[in-house]
Amino acid sequence: MCLLWDEKGTYTVPTNVRRLSVDLSPWENLSLGQMDEQYGDMVDFEYCDRMAKLSPDEELPNLDMLERRVFLERRSRFKSSVPPVANKPPNRCTSTETLNTLDRPSHNEIQRQNHANSRKREIYPEFPSERANEENHDRRRDSHSSDRNAGSGSEVGSYKPVAEIIKEKNQMQRNPARVKPEAARAPVRVAEEGPSVKVSQIKNTFDVPKKTKERPPEVQTPPKKDMLRRVVRQSKFRHVFGQAVRNDQCYDDIRVSRVTWDSSFCAVNPKFVAIIIDASGGGAFLVLPLQKSGRIDKSYPTVCGHTGPVLDIDWCPHNDHVIASGSEDCTVMVWQITENGLETPLSQPVVVLEGHSKRVGIVSWHPNARNVLLSAGCDNQIIIWNVGTGEAMINLEDMHPDVIFSVSWSRNGNLLCTACKDKKVRVIDPRKKKVVAEKDKAHEGARPMRAIFLADGNIFTTGFSRMSERQLALWKTDNMDEPICVQEMDSSNGVLLPFYDPDTSVVYLCGKGDSSIRYFEITDEAPYVHYLSTFSTKEPQRGMGYMPKRGLDVNKCEIARFYKLHERKCEPIIMTVPRKSDLFQDDLYPDTAGPDPALEGEEWFAGKNGGPLLISLKDGYVSTKNRDLKVVKTNALETKPVTKAETTPTVQKHVSPQPSVKMEQKMEDKLEEVLREFKSLRDRVILQDRRIARLEDQVSKVSM
């Protein structure tokens, strides 16, 4: 409702006069008649008439459409009986509170004026009369403060802060049906600091502070993409998983050697598994056919020709029946195993190679040349033998001042990579007898290192840091000043034995005394050595054997197989890439090195090189005719007459075999070929049956 207005100017109400103001709740259901009967004498209809004639531009901002309609209806009803204004006290009901109530605009008008004129910084706009008379405005503010300080309790009830005014306005906007005329509402006084409050201050008071949208300068999009690409690197070997075989497929009750030499103690090929064992009165090792699993009898025949403990063994890559062994008795012996394994203890080697003055801890066959064998001993020298003649062809002396920890052939077999106790890694050309490259302190730790050649010519090493933390590193052969990458793994004491697959570029690290196998993929992208996964078991490993690629089961997507040595058991572990298809996986099984040598031993010693002869594993590996190891003459280094007498019959046996033995060998070879063809045909029939069954299931689902 409209209250009295004094046109003569500002009038200050005495402190002892009660104001005629009404505090109406907006939710009271009062009709117009009731409001006229109770509060009609407080209405100035001339002012209401003047308000009705105002244009929208001049209309006061605190009057909405509902209030204006009430004014017009009331003027039409009481036009004939309008009470004279003169009878009313002219200034008794006028107060500065009423003026402030009339001058206060609505919240919507405040927003509209802020958008129209951004330079205005006051909340409530001034009328022309107020702009013309600023002194009266100041006096009104003074009267506000005096009235508040000296007023009665009714004044305190009429005061409302800005927050409550805005809250009531929002409630009436949400419920327009329940909005009542504001004529009978009590005049609400705005706080004294209202004219000086800024729009930005009110906005900051009621708005929720927003977070800044500015990004730090160091956060950029390209590094995030690179990081995601490194974390989620695409590789077909990301999900390789290891699985141990069942207990009935393990080799139980085996007395694994307790020698402290850091070798693998196990060697595997597609036919046999050889394990160094404890033996009284000398050195021995077991040779078991792969299919002979289960408990091994203590009386099972062994290879027992050495007089000292055996330190290392290695199968010939070109003949699955020939194995070499190095021992503490300073000799290297080459043995030939029969087709079905040992039936009696084998004590007579094919040839004995003597030339070392101390124990022989490393033996390794040439990857591409026939009958070329390398041996390294604790006398700090490397000897390369021609096993066919029993002669020491190359002797690498004065290159290593201390014990040699490991020796590795390159892919084509023309270079050697050695790791020595003097913390140096050397690349040696054995036929020229010179060091091509070397790196001092490749790993600063004092414990043994290992170094192997990769397929691309780089060198992969494992060792220990100065703080005895296990490390792996990658080096370029042509520049070994700085490594390509170095990674620290853990702080265990076990020596890491690396096993490398040149077809898939995956390196498997098996620590002696550990219970896990870690595998990494080596690529041309940083960080070059990518961690794939870890296979863990409960029991620690005493040694480890690694199966060549041609001995794996391609139908099960098997990419590696290890033979883990426990204290009393040998446990096969299969590494598999999960694939749904039963077809041959070309990307997992590229052409691999076959059993046929590319060169004869004499050709390699003469200076000829040759890469490995590759074979396909698509139809499974079918071995060719096995050749017996022939020694054309006795060992040239032989000095013991007793050993010479024992060796001569063995040599004669292989030089001039009986014709009946040859015929039997031919018949056995033909029979084996027929059996292999029959097995391959049976496997194909099984695969076709599976495919037909799968197709029938799909057709039945579609028909349903």
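Numbering starts at 1 and runs along the chain as it is shown here.
Placed from the backbone N, Cα and C atoms, the Cβ positions cover glycine too.
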Stated TrEMBL location of region 'Disordered', expressed as one of 625-644, 645-664: 645-664
Distal contacts, the repeat 'WD' (303-337) - CB-CB under 8 A, six or more residues away: 257, 259, 261, 263-264, 266-272, 274, 276, 279, 282-287, 345-354, 356-365, 367, 370, 373, 375, 377, 385, 387, 548, 593, 595-597, 623, 626-629, 654
Three-state composition of the domain 'DUF1899' (230-294), taking helix and strand from DSSP: 5 helix, 24 strand, 36 coil
Predicted model, mean pLDDT over the repeat 'WD' (397-438): 94
